[in-house]
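What TrEMBL records for this protein:
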type	residues	note
DOMAIN	71-130	domain 'Inhibitor I9'
DOMAIN	157-640	domain 'Peptidase S8/S53'
ACT_SITE	166	active site, charge relay system
ACT_SITE	240	active site, charge relay system
ACT_SITE	602	active site, charge relay system
DOMAIN	704-814	domain 'C5a peptidase/Subtilisin-like protease SBT2-like Fn3-like'
């Protein structure tokens, strides 16, 4: 089951007279400085800039910056007041740091008038976004290979602030507690605030949680916010936000108890990092970009170091010509410019191509992997056959078998067939006297696929009827259905293989005596359920999860392919145990639970956010690009058995099979935290480099770039593939092209030998063949790609820089050859 990433359709003009709009402004005041992308330069007497021209820190707390921020907000208000009558509009947010603009609730006609107002650069209708661990620290080698280098788990991530733009947090969860940890000292660099829930008076901040705010003005204006279930506070009404926060920064060693059994101990990747909550997602409708942008801007203003976004658009933006230049990605570029590392979920549209929903080079886009843990169980029948299945449950009593009774054979009244009694969702329609002490057989119908039935409810039904356990058999496979193990309190098993379900049914029917009407005279089928609580560790891991969004990356809403590789990196995202909110109802199997085991790229992104916090802790002054480079160039393309990574994919019969994975599945590879702390070389980049990338992208509108950045395209890279990223992608290679990269040594003096390999259709050469770099020194190298044969498919390869001190720096190379 993937994480719940549903959201309501866009609001249509004919359904509501007012629509939220995002308005981007660029104001030139008194001939002075101009409002800039990433904030404002000032240039007006008495005001300081609210952003800076280069990649450097900005003191947002200074009186001058604060006064200029107020000045901008007054200008936003003045513009609206001049155009529209009082009461005919509702301003939601003023954005003054990352972009200069505001969000306003107006009619389409008013929006058109605003679009032509002096100083207004662009107007966008607001759009929706959606929501895109006990074992993964061990799987990633953190306790033995990473945490000790930073002082142990009780220091891992110390004083690093991770901001979560998500569905809030449940602050009373032990993963976020502060009473059993070393006291958290003050953190002056963080300037966020802590809201209090207006109804429960619940407080959210405790030292571990250092900030908690919620953003819902656009949702309220759209008429979809329900305070009863959505909570007008940072309280998590979903579970998703608590889950992602715990994966990245949850406390270490928290027992995961389900139904009286402990299934392991949970820990975040950076268990000592601080958590800052910016709630902008809600249970029933997802969220609006106006609220998300306000949350991101507030997080950067408050001083977060890392930003986790397990959130993304429904599809490529139609409001701009390019995926890289829309209000959402533009705000994130400003966040990166301010020094904030951004991890974003790649999307859950896999295994199909072009389903990545995180597009831009300044963002670290995270794909989801299946780790080495598998939960398996078995049902042993009276004829000695062993039927395999899954379920996180205890075993029936050792050495004993129990009678099997099918739900359809123990109905209280045949008229209740209309309630699908075989689903075992309604105990009141089954005969308790016939079920008590036996194993209840149930059928896995389409109701489970669509979410109107749950395994949790089957377990509750069986328990209320006094059953020893239950069996849930899949008799008809629905294409694409993903079966996840679910924790239950009594013995249970889900049989996912239809042929094995048929074996069970055949044995049951042969063993069950019936009269001429079909009524059962005696139940003779027996069986026992094994122990499903202990996971089995496999070496065939990691694998790219079936649902994980795939490349190629696209540069526009016409799905033209970009010269930029996405996703960037692979991290665990399947069956991840982490904290859950007891308020959460989106996962039927975990209603009221304190922990949940769920899947999605939403779970992969916080793994990278937490690991990035560990890198930031060790190398505090590294840029976001440097941290991203360290993670990517040290990743692995091999599984635990030292075989090339594989990806889950559909076969012709809609069953899941494994195929060789490519960079379009995993980016640079699966994250290797220990190596990322000491990468040897980094590929660095900053705001001007990203601006050059935008200005070089074919088909991009230079006026649109100016609207967002107020910068002319005076600097280009020659070709987008020359951006100094730790990957090389050429989507349309004709004859020969040479790209350049610059590496910076972040270790001791070292000599690197450069080699490259590529699929036969493309020839690859590097120059020079070796280079020696002193500490802090930078050097360029070039990679030349030449078409040998036109195949109509992408070719994959890599460039490897092998250091004399043992560093191994690897970047993926992707190209498709054309004859013209």
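Using N, Cα and C of the backbone, Cβ positions are placed for all residues, glycine too.
TrEMBL: automatically predicted annotations, no manual curation.
For the pair formed by residue 240 (active site, charge relay system) and residue 602 (active site, charge relay system), distance between Cα atoms is given as 8 Å, rounded to the nearest Å. A distance of 10 Å separates the Cα atom of residue 166 (active site, charge relay system) from that of residue 602 (active site, charge relay system). Counting every protein chain shown, the Cβ of residue 166 (active site, charge relay system) has 29 other Cβ atoms within 10 Å. Residue environment of residue 240 (active site, charge relay system) contains 32 other Cβ atoms, counted within 10 Å of its Cβ in all protein chains. Across the domain 'Peptidase S8/S53' (157-640), the model assigns an average pLDDT of 87.
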